[in-house]
Structures are given as C-alpha cells and as structure tokens.
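Below is one structure, written out as structure tokens, with a few remarks after it.
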Amino acid sequence: MIPRIVVVLLSVLAVVTARRSYEGYKVYGIVPESPDEAEILYQIRQSNPDLDFWHLTKQPGDEARVLVAPKDQRSFLIKLIRHGLHYQEVISDVEGTLAPYNEPRTRGMSLDRDVSTSYLRHNEINEYLQTLSQKYPSLVSVEEAGTSYEGRSIKTITINKKPGNAVVFLDAGIHAREWIAPATALYAIEQLVEHSSENQEVLSNLTWVIMPVVNPDGYEFSHETDRFWRKTRKPTGKTCKGTDGNRNFDYHWGEVGASTQACADTFRGETAFSEPETRAVRDAVMKLKGSCKFYLSLHSYGNYILYPWGWTSKLPETWEAIDEVAQAGAEAIKQSTGSRYTVGSSTNVLYAAAGGSDDWAFAVAEVPISITMELPGGGNGGFNPPPSSIEKIVNESWVGIKAMALKVAQMF
C-alpha cells in the first residue's frame with residue numbers, strides 16, 4: 001500500500017507539472033510615436049495570431065505590450081526594426097513573475113476579507129454569493145444563469161429587487177486571465193450588501209444584477225494551468241480550444257477585429273452565441289429588457305471607460321448620454337485618487353472589435369447606457385496585479401462604478 005502522504009505529494013506534483021511553462025517568454029513594450037506607427041502595430045497583431053498583445057491602442061505615446069514565445073522573438077524583433085518601431089524588453093523572465101501566483105492561497109480567513117485581499121476561486125465565489133443570500137434574504141437572491149461547457153454553475157446575484165427600479169447589470173470575467181475583474185465585481189457586491197447603509201444613494205432607486213464570473217472554465221484554467229489563458233474552454237477544432245467571449249455576441253458578429261482562426265485569442269466562435277457562457281449573459285440580460293438601464297462589463301487592463309460602437313468608428317445617436325455617464329465615472333476616480341481614465345467609443349480609443357457584449361446590450365437588448373470598463377493593470381505585465389494591489393484597485397474602481405450608477409439613477 002502506498003502511504004497516504006506519498007499519494008498527496010504525487011497529486012500535488014501532478015498539478016504543478018500540469019502548469020504551462022512560460023520559460024524563455026518575454027514581454028516587449030513598444031511605444032508608437034504616430035498614428036501610422038500605431039496602425040503598423042495593429043497590422044502586425046492581425047497577421048500574427050501567435051503574438052499575444054496584452055495592450056494595444058490607437059493612441060500615439062501609449063505603450064503596447066506583447067508576450068512573445070522564444071521561437072517567435074527573432075522574427076518579431078526583425079519586424080519592429082524593419083518598420084522603425086522602438087521597443088524595450090519589459091519582462092525578460094515571464095515564468096519568474098508567476099511564482100507568487102502559483103502558490104496555494106492561505107486559507108482560514110473569512111470570505112468577506114478575502115474579497116479584497118486575494119483572488120477567490122470560482123467555487124469560493126459561488127459559496128460567497130450563497131452565504132450572502134442566506135445572511136441577507138430580504139436584500140439578496142442568487143440564481144443560476146447558466147452552466148459552462150465543463151459544467152460549472154454561472155450565477156447571478158440580485159440586490160435590492162423592487163418593482164419599478166431601474167436595473168444595473170454588471171458582469172466580469174468574460175476573459176479568463178483578467179482576475180482583477182471578478183475581484184472588482186465581488187467588491188461591488190460586498191459594498192452593496194454588507195455596507196448597504198453606506199451606499200443607499202445607489203440602492204434606493206436601483207436594482208443590481210451581478211454576474212461575477214462569466215467564464216468559469218477559463219477562469220479556473222488560468223488559475224490551474226495557464227495564467228494567461230483568455231478564452232472559454234469548449235473545443236473549436238481538432239487541436240484548439242476556446243472562443244473569445246467578447247467576440248461571440250450576435251451583433252455584427254464575425255466582422256472587423258474578430259478572428260476566423262480557431263486557435264487565435266480573438267476567435268469569434270463557430271457561430272454567434274456558440275458558447276454557453278455568452279448565452280448565459282444573453283439570457284440574463286434579455287430577462288431584464290425594458291427595466292435594465294445600465295449594462296457594465298468589467299475587463300482589464302488599461303484605465304479606459306468605453307462605449308459603443310466596437311464595430312465602427314461611427315457613434316450611436318445617443319452617444320452623448322452614454323458619454324455623460326462614462327465621464328462621471330472617470331471624473332470621480334480622478335477626484336478620489338488622481339488616476340486618469342480615457343473615455344470614448346471602443347473603436348476610436350482602442351481598435352474595432354465586432355461581436356462585443358456592450359454593443360449587443362445596447363443595440364439588441366436595448367439597454368440605453370452600455371459601457372465596458374477596463375480596470376487598472378498591475379504587476380510586471382498588467383494582467384497580474386499582486387494580491388497586495390487588489391484592495392487599492394477595487395476601491396478605486398468602485399468609486400467610478402458608483403458614480404456612473406448614480407448618474408444613471410438620476411437619468412432614469
């Protein structure tokens with residue numbers, strides 16, 4: 001008989017060895033000095049799906065960051081040099097930066113404390129929601145909005161459900177590796193539920209429906225196996241897995257900025273709403289059609305508050321109302337912490353990316369204020385703020401979320 005301790009050690013070893021290694025990977029920073037150079041970078045991204053662009057905008061002077069595998073580094077640098085693009089090596093040892101995140105999280109703390117000090121796993125998040133529904137039954141209810149491809153429960157929490165209230169729908173975690181987004185959603189839940197008396201101005205006339213993890217399969221995979229996994233986990237071919245959930249919504253689906261290559265990080269999916277995860281968002285929002293006045297999707301990273309359209313540089317007819325809400329969030333954060341957020345339409349600030357959730361919510365679900373908030377980055381690369389940074393980021397983000405919700409409450 002194999003001693004139990006040996007079995008445990010072998011199990012731990014199996015988990016450790018299953019992790020994807022980023023040994024030899026580097027992250028490069030490139031600052032385009034003109035719109036033409038920014039366009040060159042965009043074209044490099046479009047024609048090289050193996051390059052993982054962590055950050056890329058149209059704005060000259062805004063540093064792009066690219067994760068590059070050892071096999072691609074020489075050819076990538078040749079491209080940059082050929083086009084006269086200046087670069088620097090931002091992270092020379094990507095694997096080395098991941099060690100703190102591969103260590104087991106210390107248990108024994110209460111979940112409410114964990115919300116702003118560590119990244120909860122999906123089962124812990126659902127446990128937290130359930131605990132709140134039991135502790136505050138008159139304020140909170142929890143429902144299953146859907147089931148992921150691998151069978152995980154996708155839950156929503158409804159806070160302060162009252163007839164006639166305008167509804168705020170907030171989601172996070174469409175992209176697996178953006179851990180700070182679910183952490184921020186959880187902090188918003190904590191503030192609205194456990195500190196409700198301090199947040200009555202955004203509770204008295206508003207009902208909140210929050211889906212803290214849209215893509216639980218990818219989220220768990222990014223914790224257990226591949227820290228920088230972005231997509232869902234449903235197979236999309238013989239060798240590839242996953243779809244970019246934020247290219248999978250059925251509004252101008254499959255158009256500009258959405259890849260047809262199944263292995264690409266921006267793969268649009270085999271059809272619109274091919275993923276059970278995006279269907280869960282669709283169904284939850286459509287149930288609220290008419291009463292939902294504010295759709296907010298949390299992403300990272302990059303200090304942006306963005307709104308439609310993502311498929312064209314044209315603006316919606318009612319863009320000024322959306323911009324007013326977005327500007328309220330940006331100004332509140334600036335006044336509170338000094339951090340500056342860029343506000344504008346997705347295509348004009350970043351790049352065109354059709355099939356996004358905010359475009360769909362605005363055009364199809366008819367939510368009048370539809371916004372994507374790109375949260376601050378952290379750590380060496382951007383996607384990996386250390387646990388010590390969570391509290392600062394979620395506090396700052398809540399200031400902006402609360403200000404936007406207050407503006408919506410005043411409008412509707």
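Each residue, glycine too, has its Cβ placed from N, Cα and C.
According to Swiss-Prot:
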- Glu374: active site, proton donor/acceptor (ACT_SITE)
- His175, Glu178, His299: Zn(2+) binding site (BINDING)
- His175, Ala176, Arg177, Glu178, Arg230, Asn246, Arg247, Ser300, Tyr301, Tyr351: peptide binding site (BINDING)
- 118-408: domain 'Peptidase M14' (DOMAIN)
- Asn205: N-linked glycosylation site (CARBOHYD)
- Asn395: N-linked glycosylation site (CARBOHYD)
Legend entry - Shortest C-alpha distance to Arg230 (peptide binding site) - which of the recorded positions Asn205, Glu374, Asn395: Glu374
Inset, instruction - Please report the DSSP secondary structure of the residue listed as 'active site, proton donor/acceptor', reduced to three states. - result: strand
Legend entry - Arg177 (peptide binding site): secondary structure state under DSSP, collapsed to three categories: coil
Legend entry - Maximum Cα-Cα separation (Å), residues His175, Ala176, Arg177, Glu178, Arg230, Asn246, Arg247, Ser300, Tyr301, Tyr351 listed as binding peptide: 21
Legend entry - DSSP-derived class (H/G/I helix, E/B strand, else coil) of Arg247 (peptide binding site): helix
Inset, instruction - Rounded to the nearest Å, what's the C-alpha distance separating His299 (Zn(2+) binding site) and Arg247 (peptide binding site)? Just drop the number here, would you? - result: 14
Legend entry - Chain-internal residues near Arg177 (peptide binding site), provided their CB is under 8 angstroms and they sit 6+ positions away: Gly218, Ser222, Arg227, Phe228, Trp229, Arg230, Phe383
Legend entry - Residue from His175, Glu178, Asn205, Asn395 whose C-alpha is spatially nearest that of Arg247 (peptide binding site), among the recorded positions: His175
Inset, instruction - Take the C-alpha atoms of His175 (Zn(2+) binding site) and Tyr301 (peptide binding site) and report the distance between them in angstrom, rounded. - result: 11
Inset, instruction - Determine, to the nearest whole angstrom, how far the Cα atom of the residue listed as 'active site, proton donor/acceptor' is from the Cα atom of Asn205 (N-linked glycosylation site). - result: 26
Inset, instruction - Please work out the number of neighbouring Cβ atoms within 10 Å of the Cβ of His175 (Zn(2+) binding site), leaving out its own Cβ. - result: 25
Legend entry - Other same-chain residues whose Cβ falls within 8 Å of the Cβ centroid of His175, Glu178, His299, the recorded Zn(2+) site, in sequence order: Ala172, Gly173, Ile174, Ala176, Arg177, Ala181, Arg230, Asn246, Leu298, Ser300, Tyr301
Legend entry - Inter-residue Cα distance where the pair is Asn395 (N-linked glycosylation site) and Asn205 (N-linked glycosylation site), in Å: 23
